[in-house]
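Chemist: Below, the features straight out of TrEMBL:
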- 19: active site (ACT_SITE)
- 67: active site, proton acceptor (ACT_SITE)
- 19, 204: Mg(2+) binding site (BINDING)
- 20-24, 36, 64-66, 68, 70, 185, 191-193: substrate binding site (BINDING)
């Protein structure tokens, strides 16, 4: 599917909550870790579909601040998977010619992952046509609190009193990244889960019942078509 096959109302920025890896694995008798591996492979598919559809930016929710509360074994595995992706898979990511940016409490991640993140961001910074933003150790409320702290450090109390709504975004982790017009959540859960609470004020939400590793191109196309048919008022 290309952008010319749809009308002009293609979302340029999509938010993505990739939910259901663990339940997908359990339903098929796989180890939980296999579900996460398949989830990573599905993300690569999703990025190709998005580029074909004329979308410019995908913001993917990969690991939340709440996910640190999972079992030590699962968190440890996820960190190893992340390390593998940002180090061993780095060349694979570069071949896609996608600009990659990470947002969240990145300082909480292991040192090797932080080093890999910095290198990927540096090496892919030259690409302009498509951007993948990976929300990692991310929480929307934490982002807003950090934004207020940053504002206070840079502008002082007087700066806070003069703050305008349209300016606050420049103090968030997503500064410079367009707000998502569309957010997709898989697995049937009907929650926003602390994902981009400031940026999603006027986003259209689609909740898919499909577990993330089983999400298909056909369902993606249907969501984009349904979005294109909606009239967006942005609060007006």
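Every residue, even glycine, has its Cβ placed from backbone N, Cα and C.
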Chemist: Which state, by DSSP, holds residue 22 (substrate binding site): helix, strand or coil?
Modeler: helix
Chemist: Please report the DSSP secondary structure of residue 70 (substrate binding site), reduced to three states.
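Modeler: DSSP assigns residue 70 (substrate binding site) to coil.
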Chemist: Just the number: how many Å between the Cα atoms of residue 20 (substrate binding site) and residue 67 (active site, proton acceptor)?
Modeler: 14
Chemist: For residue 64 (substrate binding site) and the residue listed as 'active site', determine the Cα separation and express it in whole Å.
Modeler: 11
Chemist: If you draw a 10 Å sphere around the Cβ of residue 64 (substrate binding site), how many other Cβ atoms fall inside it, taking every protein chain shown into account?
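Modeler: Around the Cβ of residue 64 (substrate binding site), 21 other Cβ atoms lie within 10 Å.
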Chemist: Counting other Cβ atoms within 10 Å of each Cβ, which of the binding-site residues 22, 70, 191 scores lowest?
Modeler: 191
Chemist: Whole-number Å distance between the CA of residue 66 (substrate binding site) and the CA of the residue listed as 'active site'?
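Modeler: Roughly 14 Å, rounded to the nearest whole number.
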